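**Q** What TrEMBL shows for this protein is this:
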- 28-519: domain 'IMP dehydrogenase/GMP reductase' (DOMAIN)
- Asp292, Thr293, Ala294, Gly342, Val343, Gly344: NAD(+) binding site (BINDING)
- Asp292, Thr293, Ala294, Gly342, Val343, Gly344: NADP(+) binding site (BINDING)
- Gly344, Gly346, Cys349: K(+) binding site (BINDING)
- Cys349: active site, thioimidate intermediate (ACT_SITE)
Amino acid sequence: MSQTQPRRRGPGYAVPMDFIGAQPTLDLTYSDVFLVPRRSAVGSRLAVDLAPTDGTPATVPLVSANMNSVTGPRLAAVLARRGGLGVLPQDMSETGLIDAIAWVKAQPVGFDTPIVLGPEQTAADALRQVPAAEGQVVVVVEGGSAYAGALPGGSEPGQTFPAERVLGVLAATRLAELPGDAKLGDLATGRVPVLELGELGSAASEPRAMFDAVDAALTGSGDTGAEAVIIAEQGRVRGTLSRRSALRASIYRPAVDGGGRLAVAVAVGINGDPAARAKALAAAGADVLVVDTAHGHQDGMIRALREISALGLGLPIVAGNIVTADGVVDLVGAGATILKVGVGPGAMCTTRMMTAVGRPQFSAVLETAQAARELGAHVWADGGVRYPRDVALALAAGAGSVMIGSWFAGTAESPGELLADASGRQYKESWGMASTKAVQGRFSKLDAFERARKELFAEGISSSKIYLDPQRPSVEDLVDMITSGVRSSFTYAGAASLADFHVNARVGLQSAAGYEEGKALPVSW
Ligand SMILES: NC(=O)C1=CN([C@@H]2O[C@H](COP(=O)(O)OP(=O)(O)OC[C@H]3O[C@@H](n4cnc5c(N)ncnc54)[C@H](OP(=O)(O)O)[C@@H]3O)[C@@H](O)[C@H]2O)C=CC1
Ligand SMILES: Nc1nc2c(ncn2[C@@H]2O[C@H](COP(=O)(O)O)[C@@H](O)[C@H]2O)c(=O)[nH]1
Ligand SMILES: [K+]
């Protein structure tokens, strides 16, 4: 780890610039390093506990980025159901954030939020919300458009509807085979598989029994294409459940608040009145506050943190972005309990090319995590994650959780409709939070002169297509993939928990050829 003692400046000190270390050192990123297997007493990958110990309600070390194109209420709810944490972006209005928190808190914890459409809507309408993949369904409801609400996923907070209004549960794979203008009402003709919680008794809280009940209901429905059942309580719809979501319920522990509702984090910027906003969002039920700006190691951030921590809200306070031990010391001193680490690794980020500023991410996490540990604080590794291995390496470097943006942007649950290119491949639009597009949106209320001044400083990509992985179109599929890789990393390192992994992980350096060797061969050589 490099040293970051500040050198003295001022009269008598002819120091033209400052190296980050006493002498030049080579900082590393994820592709530069690998993990070495070591003797393990952990008998099964399912015996690994991935829960972070950073004071958040998360039970897997995954956080979605506070980017407008990544985290909305739908993604936050789905991620929390599987133990991760969604961070709603600071660009949403305060009322928008309060509504989004309320919506997440109103969603079922043990079942999926139904995607509700009306009978007059079409197959094409449905496929703009759900990808044509196994387990993905839409629920056709009489008068369904009334339940679609302003937020994605179906209902307004607390709003439910009688199960008898459900006309059908349609598999997205089937819809993809039909003409786009096919009316959902004409397709919803089969018997609707409904499981009434009251009739299930104790099985409702038993994941294995719930899986069997879903399987039996789907098999018994007589529709070989049926992929999910309606879960009802006293005749009102609580959610849906597919075989896969019933299985997931047996593997993951949801991230919940003290009242057992899904947990959600929110971001606040450093301008305006960050303390007033933090207070309002905490009162609305936010479980974690993320104070976020591009250059987190600045006086404006320290001021904002002092004001927010003085409120004594009792919530974890995440602050960033930083990449040095000095930054850790200053932000923890001002009240942060978790540091958000990463300048420039993000997929939508042009900061390194525009400014030369940043730091290869593995070294940034390693140094800050060590400094944070000494102060009883924690680190979230933010940005640059493209494979499960990157998550494992961020955790090996000492991160308590890993923040993912662009990878999660390419999922069914991220904000915005699913789009298709000329070849029919599905994608979502994504853009950087410091891009011209984001800056124009954020400052739309300023006068033209002020807006033009802000637009001078774009440091992100304004428009990018993030393609869905046809095998893993849902954020849950990505969580499955990432956690299975990371569970395996832990057992290779002989670690049964994140705390063990922080100690046991053994890392080596590799050449570009070594990295290349690790990739699978897509076709042949
Ligand atoms: N992790 C990363 O590498 C980066 C992330 N981002 C993301 O983009 C979003 C927008 O952040 P941000 O641009 O900070 O917007 P904010 O609205 O949070 O404003 C940042 C404030 O800091 C001032 N500032 C001083 N120096 C800088 C600097 N070098 N870069 C940016 N602001 C500076 C700005 O003033 P003035 O405008 O007058 O200079 C402004 O008052 C955030 O979500 C952030 O995380 C953005 C860039 C890098
Ligand atoms: N320099 C910029 N950084 C950005 C911008 N938008 C987001 N970000 C950062 O990236 C991560 C997510 O990284 P990813 O590789 O998973 O996509 C995010 O949390 C921000 O810190 C931007 O416009 N410019
Ligand atoms: K980058």
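Even glycines carry a Cβ here, placed using N, Cα and C.
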**Q** What binding-site residues in Asp292, Val343, Gly346 place CB under 6 Å from ligand 2?
**A** Gly346
**Q** How would DSSP class Cys349 (K(+) binding site) in three states?
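**A** Looking at the DSSP assignment, Cys349 (K(+) binding site) belongs to a strand.
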**Q** Looking at the binding-site residues Asp292, Thr293, Gly342, Val343, which ones sit with their CA no more than 10 Å from the CA of Cys349 (K(+) binding site)?
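**A** Those close enough are Val343.
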**Q** Which binding-site residues out of Asp292, Ala294, Gly342, Val343 lie by ligand 3, going by a Cβ under 6 Å?
**A** none
**Q** Look at each of the binding-site residues, Ala294, Val343, Cys349, and point out the one with the fewest other Cβ atoms around it within 10 Å.
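**A** Result for the binding-site residues Ala294, Val343, Cys349: minimum number of other Cβ atoms within 10 Å at Ala294.
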**Q** Considering each pair of residues in Asp292, Thr293, Ala294, Gly342, Val343, Gly344, all listed as binding NADP(+), report the largest CA to CA distance in Å, no decimals.
**A** 14
**Q** Between Gly342, Gly344, which of the binding-site residues has the fewest other CB atoms within 10 angstroms in the structure shown?
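**A** Selected from the binding-site residues Gly342, Gly344 on minimum Cβ neighbours within 10 Å: Gly344.
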**Q** Write out, in the order they occur in the sequence, the residues of the chain not among Gly344, Gly346, Cys349 that have a C-beta within 8 Å of the mean position of the C-beta atoms of the recorded K(+) site.
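**A** So the extra residues in range turn out to be Gly342, Val343, Pro345, Ala347, Met348, Thr350, Thr351, Arg352, Gly358, Gly383, Gly384, Gly432, Glu459, Gly460.
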**Q** Distance check, please: Cα of Ala294 (NAD(+) binding site) against Cα of Gly346 (K(+) binding site), rounded to an integer number of angstrom.
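**A** Taking the Cα atoms only, Ala294 (NAD(+) binding site) lies 12 Å from Gly346 (K(+) binding site).
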**Q** Tell me whether Thr293 (NAD(+) binding site) sits in a helix, a strand or coil according to DSSP.
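**A** Its secondary structure by DSSP: coil.
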**Q** Setting Asp292, Thr293, Ala294, Gly342, Val343, Gly344 aside, what same-chain residues sit with their Cβ within 8 Å of the center of the Cβ atoms that define the NADP(+) site, listed in sequence order?
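**A** Near the NADP(+) site, beyond Asp292, Thr293, Ala294, Gly342, Val343, Gly344, sit His295, Gly296, Gly320, Asn321, Ile322, Lys340, Thr351, Asp382.
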**Q** Enter the number of other CB atoms within 10 angstroms of the CB of Asp292 (NAD(+) binding site).
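**A** For Asp292 (NAD(+) binding site), the 10 Å Cβ neighbour count is 24.
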**Q** Sequence gap of 6 or more, C-beta under 8 Å: which same-chain residues meet both conditions with respect to Thr293 (NAD(+) binding site)?
**A** Gly269, Ile270, Gly300, Met301, Gly320, Asn321
